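Taken from Swiss-Prot, the feature active site, proton donor covers H37. The feature ATP binding site is assigned by Swiss-Prot to 30-37, 147-150, V176, 184-187. Taken from Swiss-Prot, the feature beta-alanine binding site covers Q61, and the record attributes it to sequence analysis. According to Swiss-Prot, the (R)-pantoate binding site annotation covers Q61, Q153, on the basis of sequence analysis.
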Amino acid sequence: METISNPQELQNLCLMLRAEGKKIGLVPTMGYFHEGHLSLMDAARKQCDVLIVSLFVNPTQFGENEDLDAYPHNLERDSELAEKRGVDILFTPIRDDMYFEDHSTWVEVPDLATNLCGKSRPIHFRGVATVVTKLFMTAQPHVAVFGQKDWQQLAIIKRMVRDLNIPVDVQGHEIVREESGLALSSRNVYLTEDEKSVAPNIQKGLQKMRDWVTAGESDAAKLKSDLVEFYAETIPTGRVDYIEIVHPENINILKNVGDSALCAVAIQLGNARLIDNLLIKV
């Protein structure tokens, strides 16, 4: 495995690889790998001749008073895990390599970025869309794989690629969970033992909502109200940031559950902001 930190060096290499007919896969990450990240690498590895994993804690997607400085990192551990997974290139740029001091160009997908996480994190998806565009330009991938835990992010990137005619096949990969049902996240390390014991109720609540829909309830307001009550009982130390039922592609908030709907939640539990979702098909 080769480690490259200079964007121009990686771009030159990838342009050469494409000219040679090599199929390039990219898995963008912020590091501190867990089995969720590794499953994305596996999915991309099966499809590509060259697998690139980027490791960059992108400062432009963090707002004030968020956890940029505290975000967990362990480059040595991540490098070992990536190499064992068959990664060919680990891309590890620093901030000054990715953003000039007078950086002034941003990529935004406002129609999909105002609900869910975008409501409480107004600059988040601008930073995500911009850095992913830069990674696509640098790594020149044919395929890029993202986790479905960040469903809104995935929808935004798919729309961005469609609207800007970026020649990348953007794929979503199913959520990987702990045995308890808690969605894997690098931020799970922030949880205390007590918090970790109640966090699996996030997924259980989503499953409850699916059961309510299956039983015939379609009113989104009623479903959300019932889920708020469930979380108040089962995660009393948590604070609900949002519970929404949205269209899975355009992220518009739904008043009634139709043939397909995404229930998405975000809960602040101690120092960890945990997100999860469940696609409900009637």
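Cβ coordinates come from backbone N, Cα and C, glycine included.
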Nearest to V176 (ATP binding site) in three-dimensional space, by Cα, is which of the recorded positions H37, Q61, Q153?
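Result for V176 (ATP binding site): the nearest of the recorded positions is H37.
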If one measures from the C-alpha of Q61 (beta-alanine binding site) to the C-alpha of M30 (ATP binding site), what distance in angstrom results, rounded to a whole number?
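Approximately 11 Å lies between the Cα of Q61 (beta-alanine binding site) and that of M30 (ATP binding site).
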Round to the nearest Å and give the CA-to-CA distance linking Q153 ((R)-pantoate binding site) with F33 (ATP binding site).
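With distance taken Cα to Cα, F33 (ATP binding site) is 19 Å from Q153 ((R)-pantoate binding site).
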Please classify the secondary structure at F33 (ATP binding site) using three-state DSSP.
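It is coil.
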Once the chains shown are all counted, how many other Cβ atoms turn up within 10 Å of the Cβ of H37 (active site, proton donor)?
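Looking across every protein chain shown, the total is 24.
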Just the number: how many Å between the Cα atoms of S186 (ATP binding site) and H37 (active site, proton donor)?
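So the alpha carbons of S186 (ATP binding site) and H37 (active site, proton donor) sit roughly 10 Å from each other.
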Tell me which residues of the chain lie with their Cβ under 8 angstroms from that of F33 (ATP binding site), as long as they are six or more apart in sequence?
R77, D78, L81, A82
I'd like the Cβ neighbour count for G36 (ATP binding site), meaning other Cβ atoms within 10 Å of its Cβ, all protein chains included.
20
I'm trying to understand the geometry here, so how far is the Cα atom of M30 (ATP binding site) from the Cα atom of H37 (active site, proton donor), in Å to the nearest whole number?
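Spelling it out, the Cα of M30 (ATP binding site) and the Cα of H37 (active site, proton donor) are 10 Å apart.
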Including all protein chains displayed, how many Cβ atoms other than that of Q61 (beta-alanine binding site) lie within 10 Å of its Cβ?
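The answer is 21.
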